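Structure record follows, encoded as structure tokens.
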């Protein structure tokens, strides 16, 4: 495993970088950005005033990583693994990312979904050390001064939540901070964004979760969620303060806001700020990538698909609208594309005779197709080529639903995207076994590979806001994958970044000049890596000056 790392996550920088630091002594070891543990060299220990504060052994990062990996393997409880990993992050940042990147397929489900959901529900009970920035509605009028307290000045990416709709778990209030922290871990591990450029934020306006309001360990405001104009004014002030402090090009990602607010804020801010909503747009892009990858198996254009959603919230609408855009790019009108997409929510199929009103779903409300009382009825009547679950309601892709999809399609597309794992609409094993391995399956949280009776082993894809269909091969597709393996995610990210850089310069859209001649080398040069920096001061001689000779002359006189 360690030898594999040197091939996969250290291609960019192989030499130790020299970094000047004003910190010396114990503070150097207490700062996770500068701490190297027992990997400080003897000269560093002596010059930086930490000699004697560490055991005499000088370790390599390889040895440190092996120690942590060995300890992780002793643990079986995912929450304990989460606590242990976050502890490494709090002490030694580069070692944390080394361990995470080395086994990303096994540890991403610990750092992010599904375990992060459990960690959020237990946030006040497992709390060790604060991460991120906490802003409450009682701080209104003073958000800029709170941002000034954040120690990093070169923030480029902000992930913010108000905790109202955490995964499929509902309103967790301030406990939702685990989501921005976890998502930004993926920014660094999967895409090489510098950790100091990332800022997780939780905006606390209260919670309507009765259990939390009675919990003595709850760490947020003990009040009902403020839904007045003060809430909107607070978000406005936050957005203005971020760009005032860090610049107009700072990315602000909205994460796990309630449906109504998510759509409102996206519409309100998308033309004014560099912003996106991960639950609407991020999930949509990954889901569409999976559908486009599926084309290589089913042999159908995106315009030939008929899609039935289970759920009609922000994720469903985000995916649906992006599918419509893809169909329109293939020559279909918007009206015809929308006819290809149906939605089924807790009230039933979205049809024009429904009694409940629609806000953002109007484009996907169709004439009543007949007697549809259940999701299974909807499958049998509409005859979709793909079903996409984003309901957060658990195993509603029943065995009968899966069998029906298998009878209607040679290669049914089944996406169970709800998080965490317990909220997924079906398991990978059910999807594959009930369709004799013919279905194309993806999930929001990871499932283990599935062994079929005929000896085939199929690997389910994880469509969870961190992948693309553009960088994997037919062999991986034959294994059941609709997305590249997570072990390749850093290289996939680099290839996508290189294409973006090439595109923006070719279209005259770039703002960084002079234009790099070698775009690939430029992208790789700015990617953050896990190698330890040297904190020794740069020592050099002046040309033509010998300090030794000067000392001798002084002594002789």
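Each residue, glycine too, has its Cβ placed from N, Cα and C.
TrEMBL lists 112 with the feature active site, proton donor.
Counting Cβ atoms from all protein chains shown, residue 183 (active site, proton acceptor) has 25 others lying within 10 Å of its own Cβ. According to TrEMBL, the active site, proton acceptor annotation covers 183.
Look at TrEMBL and you will find 165, 419, 464 tagged as (S)-malate binding site.
The divalent metal cation binding site annotation in TrEMBL covers 255, 256, 279. Taking all protein chains in view, 24 other C-beta atoms sit within 10 angstroms of the C-beta of residue 279 (divalent metal cation binding site).
Look at TrEMBL and you will find 89-270 tagged as domain 'Malic enzyme N-terminal'.
According to TrEMBL, the domain 'Malic enzyme NAD-binding' annotation covers 280-505.
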Checking the recorded positions 112, 165, 255 against residue 183 (active site, proton acceptor) with a 10 Å Cα-Cα cut-off, in sequence order, leaves 112, 255
One of the recorded positions 112, 255, 256, 279 has its Cα closest to the Cα of residue 165 ((S)-malate binding site), namely 256
Given the divalent metal cation site 255, 256, 279, its other Cβ neighbours within 8 Å of the Cβ centroid, in chain order, are 161, 165, 166, 179, 254, 257, 262, 277, 278
Around the Cβ of residue 256 (divalent metal cation binding site), other Cβ atoms within 10 Å, all chains included, total 26
Residue 279 (divalent metal cation binding site) to residue 419 ((S)-malate binding site), Cα to Cα, whole Å, comes out at 11
